[in-house]
Amino acid sequence: MPERSAASRLRLSGLCFLLQILNILLFAVLVRYGPEGSPGPCPSQLNCGRGKPRSGFQQPRPQGVHIQVLLSFGLLVAFLSRYGPGSAATSILMVALAIQWAVLIQGTLHSFLNGKIYVGAQSMVSADFCTAAVLISTGAVLGRVSPVQLLLLALLEVTLCSLNEYILLSLMGVSDSGGSLTIHTFGAYFGLVVSRLLYQPHKDRRKREEQQNTGQQGDVSAVVGTIFLWIFWPSFTSTSSAHDTAESWPVLNTYFSLVASTVATSILSPVLWEESTPRMVQIQDATLAGMAVMGMAGEMLVTPFGALIAGFLAGLICPLGFRFFTPVLHSRLKIQDTCGVHNTHGLPGVLGALLGTLLTLLATADTHGDRLELLFPLVAQGSRSVPYQALLQLSALLLTLLLAALGGCITG
């Protein structure tokens, strides 16, 4: 056993060393600071944002996104009493390597010019978005894989997540600034497929018993992580909004969704689990679901009550999923979803994509005004019809599910 433990430590150390040296060499040869933060216009050859460049693109705020990825997601995967401290440490290690790899992969797709990758503040924001999807996937396999396997998962998922984002945002012109598809849906179903391929019948019952014993540490982690989600996630969803004046819609809509999803979970939880008050972990799940549903629709909703309805539905779906669908995943599909990412990210992400498709069908110059050109520039210019744009939004959901499943199969 000591020899095996030493070998495991050396594998992790060696892999980290090789990956970091590789990143340093690639950065030295390829990566340069670009004109993104300069006062002049971005060269037409470069794509200086996520997806196609849009006029008046706001200055990104990577600090809030870093806080979300490191603190909120790191704490949310630390709720298991046995794996908590190690999971948080491994999450930070994954973030450190995944951000570097995402800058390289996304830079190659978006801002590769004359043999160089040009990066700026928006590059870090985009890399953090991709890293968030990786941490969501980690929640589906937590406690069943080693740190070495998690690092390999991160490298493969960053590559496929970046490709999915490039196809959706740049080639198809889909609007998904808050990541219902590119972050929540992709991360959830990628992790679920990996979990399915890692299924071990003789260990499944013991692992479940260990993971259900969360203890007081889990409650503390849930409290802190949820507070950070409430504070920073609304600005997270607006980081890649099209314009400074457009920021208020995704921020306010996300807040309205959060409050409605929390109330909805508080309504259902005492009924489903016969408890007088909802537990903190359930409030955490409701918060995640309320955020995921606003990823695509946040900057499209023109009325606050629409965000309340969407959040309320997400808050109902989440506890119902834990109560009725999670047992089916275990017994019928042989999927052990450790952190319940299917209920907190997957289903709300799909709901958000469907809501976004519906709102796209209703998008007109009368309802959106000048914002229509920021959301759907080709529709505003008359080169793409509203029904065709809505079809692309729906097709993006199917493509994301396909790429996530394919990537999960390869990784698993």
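For all residues, glycine too, the Cβ spot is worked out from N, Cα and C.
All TrEMBL annotations are machine predictions without curation.
What TrEMBL lists as transmembrane segment is 12-31 (among others).
If you look up TrEMBL, you'll see 63-80 (among others) marked as transmembrane segment.
According to TrEMBL, the feature domain 'Ammonium transporter AmtB-like' maps to 70-411.
Look at TrEMBL and you will find 92-113 (among others) tagged as transmembrane segment.
Residues or ranges marked as transmembrane segment in TrEMBL: 125-143 (among others).
According to TrEMBL, the feature transmembrane segment maps to 150-169 (among others).
For 181-199 (among others), the entry in TrEMBL reads transmembrane segment.
Under the heading transmembrane segment, TrEMBL lists 220-236 (among others).
Panel annotation: around the transmembrane segment (308-325), residues 256-265, 267-269, 272-273, 282, 285-286, 288-290, 292-294, 297, 301, 340, 342-344, 347-348, 351-352, 355 of the same chain, lying at least six beyond its termini, place a Cβ under 8 Å from a Cβ of the stretch. The feature transmembrane segment is assigned by TrEMBL to 308-325 (among others).
According to TrEMBL, the feature transmembrane segment maps to 346-365 (among others).
Annotation source TrEMBL lists transmembrane segment at 385-410 (among others).
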Residues of the parent chain within Cβ reach of the transmembrane segment (12-31), under 8 Å, 6 or more residues beyond its termini: 93, 97, 100-101, 103-104, 107, 115-117, 119, 146-148, 151-152, 155
Quick check: do the transmembrane segment (150-169) and the transmembrane segment (220-236) share at least 3 Cβ pairs under 8 Å, counting only pairs 6+ apart in sequence? no
